[in-house]
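As written in TrEMBL, here are the features:
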DOMAIN    35-297  domain 'G-protein coupled receptors family 1 profile'
TRANSMEM  20-44  transmembrane segment
TRANSMEM  65-92  transmembrane segment
TRANSMEM  104-125  transmembrane segment
TRANSMEM  146-165  transmembrane segment
TRANSMEM  196-219  transmembrane segment
TRANSMEM  240-264  transmembrane segment
TRANSMEM  276-300  transmembrane segment
Amino acid sequence: PETSPTEPADQQPAGLEAVMVPVVFGLIFVVGVFGNCLVMLVIGKVRCGNRSRDGGGRNGSSPTNVFILNLCAADLLFLIFCVPLHATIYSLPEWLFGAFLCKFAHFFSTVFMLVSIFTLASMSVDRYIAVVRSGTSSSLRSRRNALAALCVIWTLSLVCSVPVAQHQVLVTHPRAPNSTFCWEEWSGASKHSYKVSVLLLGFLLPLLLISCCYIRVLFHLHKKMKNMSKKSERSKTKTAQTVLLLVAAFTICWMPHHIIAMWVEFGKFPLNDSSFVFRIVSHCLSYGNSCVNPILYAFLSENFRRACHQVFTC
């Protein structure tokens, strides 16, 4: 949650916090931008190299690569729109960027957040089809179907984010009449409904889908490799660890954000040092998800590491 109009200037972070928060956010920003750009660069170069060798073919445009590129693009845009914006909110006493940015910076932040989350869910379905439904995977896991899924993801994310642009406005506060704040103004119970919908669509349902798909993948590999060699056993253990990391990272990174959103909406969120730290941690974790995604979905892959080595040793 951003700084609200019920938090006038005397309750905003001052002194050390106003300096440390932008520094921490800046480090997350640099790491996330570097990681996502590196993944996009490697996949793009490998794809171009494959095309030149194949005479313009589409080798390298696998569904997995299409999803990873979309995930990196969404995470990169999420970091660019979110991190500088929230750094200024925590370091400046009021909103200085006008009504247009108040509406559309928050709108696009929500869009890119949802695109990233929906892409993670789609990648879990893609893995499930590739491993468990391998007989039909060649027909289902095509570049065309992956691009169609991305069209659905972006359309759904844009539609779900429209209420943010509608209700994000500039307001003043009685205790700071000469200052303006960028905050949400809703009427009736519509805000409750929207926040619960975002919780369901943007966290609980994707978490359920990701967990179910990867659990099915693990069970399938367990049955398939029961009587195989020790090398296969090590491979199965590594896969299980990766799956656990994927689910844990998604849960840990996004749960605090949604806990605070529900607490603010249905309870009375306290304004004290502890709640301030909790808010900072929730922001860092949600931004951190965009930093760890390249590691979990690209750098842990042996094929990607090989491609990375190939690109940077040429």
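Keep in mind that glycine also has a Cβ here, set from the backbone N, Cα and C atoms.
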Contact check, the transmembrane segment (146-165) vs the transmembrane segment (20-44), 3+ Cβ pairs under 8 Å, seq sep 6+:
no
Which residues of the same chain, at least 6 past either end of the transmembrane segment (20-44), have a Cβ under 8 Å from a Cβ in it?
13, 60, 65, 68-69, 72-73, 75-76, 79-80, 83-84, 86-88, 90-91, 280, 283-284, 287-288, 290-291, 293-295, 298-299, 304, 307-308, 311
